[in-house]
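S.K.: From Swiss-Prot, here are the annotated features:
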{"type": "CARBOHYD", "residues": "Asn103", "note": "N-linked glycosylation site"}
{"type": "REGION", "residues": "343-454", "note": "region 'Disordered'"}
{"type": "TOPO_DOM", "residues": "1-71", "note": "topological domain 'Cytoplasmic'"}
{"type": "TOPO_DOM", "residues": "93-115", "note": "topological domain 'Extracellular'"}
{"type": "TOPO_DOM", "residues": "137-163", "note": "topological domain 'Cytoplasmic'"}
{"type": "TOPO_DOM", "residues": "185-202", "note": "topological domain 'Extracellular'"}
{"type": "TOPO_DOM", "residues": "224-229", "note": "topological domain 'Cytoplasmic'"}
{"type": "TOPO_DOM", "residues": "251-274", "note": "topological domain 'Extracellular'"}
{"type": "TOPO_DOM", "residues": "296-454", "note": "topological domain 'Cytoplasmic'"}
{"type": "TRANSMEM", "residues": "72-92", "note": "transmembrane segment"}
{"type": "TRANSMEM", "residues": "116-136", "note": "transmembrane segment"}
{"type": "TRANSMEM", "residues": "164-184", "note": "transmembrane segment"}
{"type": "TRANSMEM", "residues": "203-223", "note": "transmembrane segment"}
{"type": "TRANSMEM", "residues": "230-250", "note": "transmembrane segment"}
{"type": "TRANSMEM", "residues": "275-295", "note": "transmembrane segment"}
Amino acid sequence: MNINEPRDGGGFVLPFFNDSKKSRKSHAGRDSLKSNRVPFTKWVPDTVSYTTKPLKNAHRWLHLHNKTRNHFVATVAEFAGTTLFLFFAFSGTQVALLATPANDSNVVGTPSNPAQLLYVSLCFGFSLAVNAWVFFRISGGLFNPAVTMGMCIVGALPYFRGLLLIFAQIIGGIAAAAIVSALFPGPITFRTSLGGGTSIVQGLFIEMFLTAELVFTIFMLAAEKHKGTFIAPIGIGLSLFIAELTGVYFTGGSVNPARSFGPSVVSGQFTGYHWIYWVGPILGAILASAFYKFIKMLEYETANPGQDAGRVGEVIDPEAQAIKNRVSFASEGLVGRELDESGASHVHENGNHFGAPKEYGTKRRPFSDSPAPPNANDQFAGLSEGGLHTDEFANENIGGGHSGEGAMHRNKRDSEGTLVGNGKKGVLKVGAGGTGGAAVGSTNENLRDNTHNN
């Protein structure tokens, strides 16, 4: 419950500035002024009074503090997330390497048998998946300076925020190593080192390619917004799991400068090739970023369309999806939800479907400036190669689509789910809305009888 209630006279109450003589006023419209929210409260003042110097200064601070506060919250969350991620990963590694037969005295170093490799890899992969899922709403759940650098390169993260997160990640790695060292008996066993006869150059490139795979996974599952983004942490965790299975024996499976730097600081032992655990992941992030920008330049969405379809019969317009992935639209803008395989594309404007068949030579792009066709709510039918159809987002066009003979109708089905239009009854091609277009159809809406307007 908010203790700072608004007052008459356009002012607001801050702690130690309460005026009991003023009556309370409505909270209407405060949600639109979230940038002026009183810190550490849920209340947004309608206006700000300048009658006293403390309130005037408070108003100025309210306008300036939000950006700083957001950076602070993200930095703190990234520190906490990195600490938790590496704490459980380091703990698992410590257990795997210490829980060895009594006659095995050399337990410090890289895991030497498949059981240890699997145990360590699972600890890293699962720890990343869980903690990334917890913290991705706050800071992004990156936990890795190389990943953060890659996100900055592709423009998914501001550089200033990236620097703050990298600092938090490095400190988090040190904190996690210190906590594990203090809680668990025995020497630190989770430092990264080369093993299996791996040379420094080999270790460098192993780290580079493993990091590139992890960073590119994050780009495609998290930076790219799609219907599966909410489960991206699972794929990211599995990506790290695979990387650890491959790299733990040869390099310790760092793929994260903070993961290698923290244990070295706590143990006070730096190998002469420690630099490969910085240079390798950074090169991997650059490689992944370059490839990601390359496929974005080629509009990869058009190569395999329909990957974000959520219903039977729904086909995603690949060109619209490519545009949607590059720019931000208003919340009500549903862009390019459907496209015939050989017909013209269409758009959503305020919930209505506008468009024209292919024969008219009109291939409308999302949010086109060209005028809408007449009676746009009554969707036009396709011609020889199929035109446009509707889906459940269209006003009064629920379930519309093409029949077997290409006729168009509005919200009319028989008991068996077939579609009726222009007095002809045809079989729905693919689900609700259909794809592939129609063989014959009419674009003259005057040919429809009253039955088809129900």
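Backbone N, Cα and C atoms are what each Cβ position is placed from, and that goes for glycine too.
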S.K.: Out of 72-92, 230-250, 275-295, what stretch is closest in contact terms to the transmembrane segment (164-184), meaning most Cβ pairs under 8 angstroms?
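M.R.: Stretch with maximum Cβ contacts: 72-92.
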S.K.: Can you name the far-off residues of the same chain, 6+ from the ends of the topological domain 'Cytoplasmic' (137-163), with a Cβ under 8 Å from a Cβ of it?
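M.R.: Apart from its flanks, the topological domain 'Cytoplasmic' (137-163) reaches 71, 73-75, 77-78, 81-82, 85-86, 128, 131, 169-170, 172, 211, 214-215, 218-219, 222-223, 233, 255-259, 281-282, 284-286, 288-289, 292-293.
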S.K.: Could you break down the residues of the topological domain 'Cytoplasmic' (137-163) into DSSP helix, strand and coil, giving a count for each?
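M.R.: Residue counts in helix, strand and coil order: 14 helix, 0 strand, 13 coil.
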S.K.: What else in the chain is close to the transmembrane segment (116-136), if you only count residues 6 or more beyond its ends and a Cβ gap under 8 Å?
M.R.: 77-78, 80-81, 84-86, 88-89, 91-93, 95-97, 143, 222, 232-234, 236-238, 240-242, 244-245, 248-249, 253
S.K.: Could you give the residue numbers and ranges of same-chain residues that sit at least 6 residues beyond the transmembrane segment (275-295) on either side and whose C-beta is under 8 angstroms from one of its C-beta atoms?
M.R.: 144-147, 149-150, 153-154, 192, 200, 203-216, 219-220, 223, 251, 254-257, 259-261
S.K.: Per DSSP, what is the residue tally for the topological domain 'Extracellular' (185-202) in helix, strand and coil?
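M.R.: Counting residues by DSSP class gives 3 helix, 0 strand, 15 coil.
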S.K.: For the topological domain 'Extracellular' (185-202), find every same-chain residue at least 6 residues outside the stretch whose CB is under 8 Å from a CB in it, and list them.
M.R.: 89-90, 93-94, 97-98, 107-110, 112, 177, 249-254, 259-260, 263-264, 266-267, 269, 271, 273, 276-277
S.K.: With a Cβ cut-off under 8 Å, give me the same-chain residues at least six positions beyond the ends of the topological domain 'Extracellular' (251-274) that come close to it.
M.R.: 82, 86, 89-90, 110, 120-121, 124, 143-147, 169-170, 172-178, 181, 187-188, 190-195, 198, 200, 203, 206-207, 210-211, 214, 240, 243-244, 280-282, 284
